[in-house]
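Enquirer: Below is the structure I would like to discuss, written out as structure tokens.
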């Protein structure tokens, strides 16, 4: 298989190339048995049962093969937001279907080859998320996406407070910028250092978006005095790191086979920090365990927030359930079907 060149802009890193086949050869020998989560998820059977209706609706607007990739979306939302009411659970499920559909659209090679169309779709996604009014005739190629999305974000805006709705839109914009960054590091562009990867992937993991939706799911709104507390901000950053590590571990095999290098495990290996993919997996699992310990310690050390303390505790609970729900879903999802050796995988 043809070698792919990866260039480094950092003075300590020399130009190098990597052989995708060499990475593929290591995949069957990887051991993930030491990969577990300290955080548990709940499960809302009512939300899970809504999946069929949500996907049937999506199938009216998108190709069958794209909708098929959304299998077990109900399971994801049911685990991450298990305390949501039926009404809010249905909205959350639709938002996740939208997010996965648009993410897959942005990943299509034919779209990436046409930079103008790629940017146009990104702008449209933001307009839809913000529930903005705009001349829909300017986007004839995305008419189905617009028709599908309008009811979702209209209902979300009606149910959410104005502050929470705008915070969601802001975090979604940050997420899309992360997606843009991910696209920029494909060969032959430079592969970033680990710290850059870590900070950007806090947005790219979707954790910050999910944490706003966690408030929505529990019908709370966390006051700025709580969210702005340094300890709470660090807690949210570490929780995003954890979600990012989980996504990287579970998606590793799929990303190697797809030629995607935006993965902490691959960054460690390609930078020469570890000598094998297994060593890189072990390093990320260790980083993950360390992050879990930091989160647990931080939760125990957070101060009381006076009259806002009950909301703060509910927020912490909602976020840890998001983490646990994401882990459990990733371990079972057919979306990562090539990663059959991962713990608890159905395949």
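Yeah, the Cβs are placed from backbone N, Cα and C, and that goes for glycine too.
Bear in mind that the values here come from a model prediction, so they are computed numbers and not experimental data.
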Enquirer: Of 98-102, 103-107, 108-112, which range does Swiss-Prot call motif 'D(D/E)XX(D/E) motif'?
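Expert: Here Swiss-Prot associates motif 'D(D/E)XX(D/E) motif' with the stretch 103-107.
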Enquirer: Among 329-336, 337-344, indicate the range for which Swiss-Prot gives the feature motif 'WxxxxxRY motif'.
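Expert: Of 329-336, 337-344, Swiss-Prot gives motif 'WxxxxxRY motif' for 329-336.
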Enquirer: Among 220-228, 229-237, 238-246, 247-255, where does Swiss-Prot put the label motif 'NSE motif'?
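Expert: The range carrying the motif 'NSE motif' annotation in Swiss-Prot is 247-255.
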Enquirer: Report the same-chain neighbours of residue 103 (Mg(2+) 2 binding site): residues 6+ apart in sequence with Cβ closer than 8 Å to its Cβ, ordered by sequence.
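Expert: For residue 103 (Mg(2+) 2 binding site), the qualifying residues are 179.
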Enquirer: Near residue 100 (site 'Plays a critical role in the stabilization of intermediate cation'), which residues of its own chain have a C-beta under 8 A away, given they sit six or more steps off in sequence?
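Expert: Counting only residues 6 or more apart in sequence, the Cβ neighbours of residue 100 (site 'Plays a critical role in the stabilization of intermediate cation') under 8 Å are 69, 70, 73.
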Enquirer: Taking DSSP states H, G and I as helix and E and B as strand, how many residues of the motif 'WxxxxxRY motif' (329-336) are helix, strand and coil?
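Expert: The composition, in the requested order, is 7 helix, 0 strand, 1 coil.
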